[in-house]
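Noted in Swiss-Prot for the protein shown:
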DOMAIN    32-103  domain 'PAS 1'
DOMAIN    108-162  domain 'PAC 1'
DOMAIN    187-405  domain 'Histidine kinase 1'
DOMAIN    452-567  domain 'Response regulatory'
DOMAIN    611-681  domain 'PAS 2'
DOMAIN    685-737  domain 'PAC 2'
DOMAIN    757-974  domain 'Histidine kinase 2'
MOD_RES   His190  phosphohistidine
MOD_RES   Asp500  4-aspartylphosphate
MOD_RES   His760  phosphohistidine
Amino acid sequence: MSSLDRKKPQNRSKNNYYNICLKEKGSEELTCEEHARIIFDGLYEFVGLLDAHGNVLEVNQVALEGGGITLEEIRGKPFWKARWWQISKKTEATQKRLVETASSGEFVRCDVEILGKSGGREVIAVDFSLLPICNEEGSIVYLLAEGRNITDKKKAEAMLALKNQELEQSVECIRKLDNAKSDFFAKVSHELRTPLSLILGPLEAVMAAEAGRESPYWKQFEVIQRNAMTLLKQVNTLLDLAKMDARQMGLSYRRANLSQLTRTISSNFEGIAQQKSITFDTKLPVQMVAEVDCEKYERIILNLLSNAFKFTPDGGLIRCCLSLSRPNYALVTVSDSGPGIPPALRKEIFERFHQLSQEGQQATRGTGLGLSIVKEFVELHRGTISVSDAPGGGALFQVKLPLNAPEGAYVASNTAPRRDNPQVVDTDEYLLLAPNAENEAEVLPFQSDQPRVLIVEDNPDMRGFIKDCLSSDYQVYVAPDGAKALELMSNMPPDLLITDLIMPVMSGDMLVHQVRKKNELSHIPIMVLSAKSDAELRVKLLSESVQDFLLKPFSAHELRARVSNLVSMKVAGDALRKELSDQGDDIAILTHRLIKSRHRLQQSNIALSASEARWKAVYENSAAGIVLTDPENRILNANPAFQRITGYGEKDLEGLSMEQLTPSDESPQIKQRLANLLQGGGAEYSVERSYLCKNGSTIWANASVSLMPQRVGESPVILQIIDDITEKKQAQENLNQLQQQLVYVSRSATMGEFAAYIAHEINQPLSAIMTNANAGTRWLGNEPSNIPEAKEALARIIRDSDRAAEIIRMVRSFLKRQETVLKPIDLKALVTDTSLILKAPSQNNSVNLDVVADDELPEIWGDGVQIQQLIINLAMNAIEAISQADCETRQLTLSFSGNDTGDALVISVKDTGPGISERQMAQLFNAFYTTKKEGLGMGLAICLTITEVHNGKIWVECPPAGGACFLVSIPARQGSGT
């Protein structure tokens, strides 16, 4: 026989092997071989030793069990003939080829599949290697076969590959959808421009033919033209976005004077600046020539200036400057004295469809594309745009553009047949302002008895349109937002309120809420206008607070008809209220109920559809299992989540009873709870219980069970909501195990601190035993022997040996690692053992220890060792506190008693130490909190854990006389338990 001495390989080349030395075995080597065999069989992965020809010499136990093989079956036989490789002839041939390669001196490593699990009945993937091992002469004598189970890794890799493929498909789908969206925008924009051209062209011809502003239709023509231009701008913007998304947006470079371009664009805003009393300051050089796309440069300046004018309050300041920045760059800055832009939003404002709203400012209507377009156009020019705080407050936008076009780009000369100077633009198109609309909210004294209608709408043109539709039949006054409307209503209540939903300062739904809160206004009928087609919002408003809901766009005829109905009902209600005022009837309530009932009837189908859609969405997409059962607990319906949790398909659950999914030991309690629920003896209940899955496994869940609302005569339906908490339970179990380990480690550490005291306690009886043994020997050695004295010496030896044995028994019991087992605790023995353990440390620290216990103590169930550990931890803390504080009175009192009702054991650990501050008390039981220079701060946290395991409580009190008193309450328990 010989043993193997491994040496580290000297060469990590292709021929990678170990050198070995052969020695004769002695007894020491045999022992080492036995140890090696134990380690070899204890290895978790596949390990085998082959001779140079690939015949099996040794294989570890794990590999043998995985393949369902015994070593005697394969020892001395070719490795590739073993059961592991009998998946197919190809697998066997591959393994034979690998062995031949390794036998030639080459290290082999690859991933293979073998029959390596469930006794050779299951295929697993293995990271397999063959390492040639040579002797001192360089001859190959062994092949070391090693394998690591990578089945889970392979599955994960396959799943990852599948997910990556799905992700690639999703990305491709998104790309196609994005292209389709851009194509759709482009086509729709082109299609819309044709009818818009046919609106604007004839309109301009009609306006040119009319007799100027004296024409009775001039105002309507202006409204049509202004809104058609606004729509055309939005269509052009969408078309630009589609081109940019399709990377079809190019630049038409031209040598131009940026100063002249900027000056001309800025001049279009001077009228608006004067109208709003805004100081508009421009600082431009005489000339700055650059190669830019003039049209896109104009759009950049227009959008930045319109943005500044939107947010700058009346009397504010706006600056537009142009200057050189670094070599070959133009810097455009636009600053305002508005509310500014918070740093957190400075990236978002350049995103598409993002609108920044500022409370108290004029409405910022629009598409939210202005700054996005600016950023896109700037980046097309290879420039940059940024926003920061303006000096003195407000926003400061800075645009940097290169003065020269990229090398190779075509640049048109300033004499090319395009306009040399930018055209004058209509700034209303960019600011979305209607002229002369500032004083619309002013209310003139009403001169007639016509019903009053208040219109609340932030769009001036829409306000004017509604006012024109109704002014012939009603006294109409208007407000631009909810706050102004509320102020007007308080002074002059209308007979009808017509309000838009989305407005600045105060929205329409907030206005409705405020109106309904005021008793003097609560009877006013309300009509809501909205461009948002939201069925759920519509149902909510109609059912709770408003009388009508009208979607934009609407016809003048429909508006008049609806207004007439609501005003007629209001006038009739007022007349009835006046007629019946002496009878004390509240006709307003009756009228409100009548209107409310009518609208409930009208909207019932819509509400039902919305409710069913919400329920279906919750039912099908909820992560919790939802099951409907009949009174016999047979399954009527189960949602996909429940099917996924239990592994049953929809067809599997047809006719199945929930009892069949319930473990037999839980079935009686489940039946009783359901019976109580059906008989009215119990309300809705929740319980933690287990379920049997289709594959035979068990899951844990929180089950909430209740009765569904039912009509008279209908059979009851039970709703069960199941929340899978299997992983949570496993995590809790792992946490409990960790807590048990922590408690044991703490117990060991405590006993380590007691080592000196225990040695002292054992040394005393051992010394007495030696003394009495010597004395007994002398008494027996006398002539004649003194038998009585010798017997007394032996009795003392027995007494002292019993004392030493009791101390050792107590230490072994305290250090024993075991699961928490709840059983009756011998409290007298517990008190005695604890007193014995604490005797030495209290004496060594000059602390007077008193242990007081009632004659009759409640019987408690628990883990005696853990309760003892809890008491010792508290007592040692007290001894240490007394010693470090150098107290005059050094007293520690342990007391054991029943509480007032006799249903709990109360343990008190009271000391005369320095006490505990209020700040310390708040963190006292937190893990890792300590007031000591040394220590982990885990002692009291472990005490809390032990108390909670026993369903008890622990708290601390500070007596007026000083010191600290820790109290532990452990409930008494009837019956038996584990």
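Every residue, even glycine, has its Cβ placed from backbone N, Cα and C.
Using a 10 Å radius centred on the Cβ of the residue listed as '4-aspartylphosphate' and all shown protein chains, the other Cβ atoms total 24. For the domain 'Histidine kinase 2' (757-974), the predicted model reports an average pLDDT of 78. Per-class residue totals from DSSP over the domain 'PAS 1' (32-103), listed helix then strand then coil: 43 helix, 13 strand, 16 coil. Sorting each residue of the domain 'PAC 1' (108-162) by its DSSP state yields 12 helix, 33 strand, 10 coil.
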